[in-house]
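S.K.: One structure, as structure tokens, below. Some questions next.
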Amino acid sequence: MAKILVNNSGPLEGEVKISGAKNAVLPLMAATLLTPDTCVIDDVPDLSDVMVMRKMLESFGAVVSMSDPGKLSVNAAEITTVEGDAELVSQMRASTMAMGPLLARCGKVVMPLPGGCTIGKRPIDLHLKGFKALGATVTEDLENSSIIIEAPKGGLVGDAIYLDFPSVGATENILMAAALAKGPTILENAAKEPEIVDLANMLNKMGAKIKGAGTDTIRITGVDELSGAIHTVIPDRIECGTFMLAAAITRGKVLIRNGIPGHVRPIIAKLKECGVSVNVDEEGILVDATKGNLVATDIKTLPYPGFPTDIQSPFMAFLTTVEGTSVVRETVFENRFMHVVELNRMGADISTDNSREATIPGGKQLHGAKVRSTDLRAGAAMVLAGLVATGTTEVSEIYHIERGYEDFVGKFKSLGADLMRVEEHDV
Ligand code: EPZ
């Protein structure tokens, strides 16, 4: 298994270009199953999750090719099966994004139940609630731990759906299913993330009739069929936030090109509260922490447009280095503090009275240690901590990081970070 060795790197300086968003490209790829025509998706990041989704599409019979770097072409004219591949689903929860498109296009889908992961049990009850509201029946095949979802004989029928929680995945799956349902669907308490808007934009290019994406009420008027489209993925706001924090934690100065400021407002606001200078202009987002004297702040993660849960662990790493005590509350996932133990191995001295609230005393000089990536964002957080720790930090299980960050090591090196990727036997 590969690791990343990180040495104390001093202030990062320079500029970095943000890649296409992992959490946008995965649903966009799933949406190509909705049409027999060819779809072309541009700015696709080179990530292991994208490779898994490509294999998922091919397992259903789609023909997938990468004509130029980042340009993915998918043709799902022939759907050869509606049964999800258990191995692929176990590798990546986002494989469940195929449920909505296959149910809408083929009238049936059999999906192995996605495993939970380190950040929580991550059920799909809200996805299934949406499909049932559109007339589908859901039966559990306990023997094969999978679910069978079937549309009525005449196809899905639009209806009103209320999401108990603004689930990103459920919103995306329901959007894709309702796009081909008969009649109107109104989705209330929908997720408002930019990735939802990106998906709705591509679906509308394909001929769907979706209004209100990005608000908590989305109206979909079903159509009989969808055609192909050409679409460019939005930049990755979580990668953008990660590099903003890399500048902040190292007290450096980094220009982040092509990140969308409107997608990272909570991160800009919180960094400013800590005393970091953040300027936005046509060049990009300039994060300047060279003036130092940074202070603590409190963080509470919420669905968009609140503070993003995916930036919670990188921000916590940063908070260990500023003067004063911070409190971090995680409200989206029930177990997303696994990185606390790892940061404490480096001397962070963080305490948590449950898996929802952590107290960070701050003002720490972290020291290098052997630490794990407990999820992809926590892995990035450990690298950030390693940049300012004394000595060398060895971050293992970096396959998590490579799921969601394109050229992670290369981009950090271009900013002056002293780190390297090594295979287990090299260490
Ligand atoms: C998406 O996951 C992202 N993944 C996650 O990013 C992100 O953290 C999350 O949204 C929240 O923003 C992708 O887009 C591929 P949810 P998703 O459904 O769709 C509960 C990363 O690091 N819930 O909004 O799985 C669930 O248990 C990843 O890039 C139900 O109870 O998130 C969780 O507590 C991590 N029932 C909360 O909602 C359901 O049917 C948020 O889940 C669905 C979700």
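Backbone N, Cα and C define each Cβ position, glycine as well.
Okay, so TrEMBL annotates it like this:
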type	residues	note
DOMAIN	7-411	domain 'Enolpyruvate transferase'
BINDING	Lys22, Asn23	phosphoenolpyruvate binding site
BINDING	Arg93, Arg122, Pro123, Ile124, Asp125, Leu126, Asp310, Val332	UDP-N-acetyl-alpha-D-glucosamine binding site
MOD_RES	Cys117	2-(S-cysteinyl)pyruvic acid O-phosphothioketal
ACT_SITE	Cys117	active site, proton donor
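Show me how these features fit into the structure around them.
M.R.: Same-chain residues at least 6 positions away in sequence with a Cβ under 8 Å from that of Lys22 (phosphoenolpyruvate binding site) are, in sequence order, Pro45, Leu47, Asp49, Val50, Asp236, Ile238, Arg403, Gly404.
The C-beta environment of Asp125 (UDP-N-acetyl-alpha-D-glucosamine binding site), restricted to residues of the same chain at least 6 apart in sequence and closer than 8 Å, is empty. In the three-state DSSP assignment, the secondary structure recorded for Asp125 (UDP-N-acetyl-alpha-D-glucosamine binding site) is helix.
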S.K.: Please work out the number of neighbouring Cβ atoms within 10 Å of the Cβ of Asn23 (phosphoenolpyruvate binding site), leaving out its own Cβ.
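M.R.: By my count, 23.
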S.K.: Does DSSP put Asn23 (phosphoenolpyruvate binding site) in a helix, in a strand, or in coil?
M.R.: helix
S.K.: Over all pairs within Arg93, Arg122, Pro123, Ile124, Asp125, Leu126, Asp310, Val332, the annotated UDP-N-acetyl-alpha-D-glucosamine binders, what is the largest Cα to Cα distance, rounded to whole Å?
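M.R.: Between the outermost Cα atoms of Arg93, Arg122, Pro123, Ile124, Asp125, Leu126, Asp310, Val332, the distance is 22 Å.
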S.K.: Could you pull the average pLDDT for the domain 'Enolpyruvate transferase' (7-411)?
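M.R.: Taking every residue of the domain 'Enolpyruvate transferase' (7-411) together, the mean pLDDT is 96.
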S.K.: Cα of Asp310 (UDP-N-acetyl-alpha-D-glucosamine binding site) to Cα of Asn23 (phosphoenolpyruvate binding site): how many Å, rounded?
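M.R.: About 11 Å separates the two Cα atoms.
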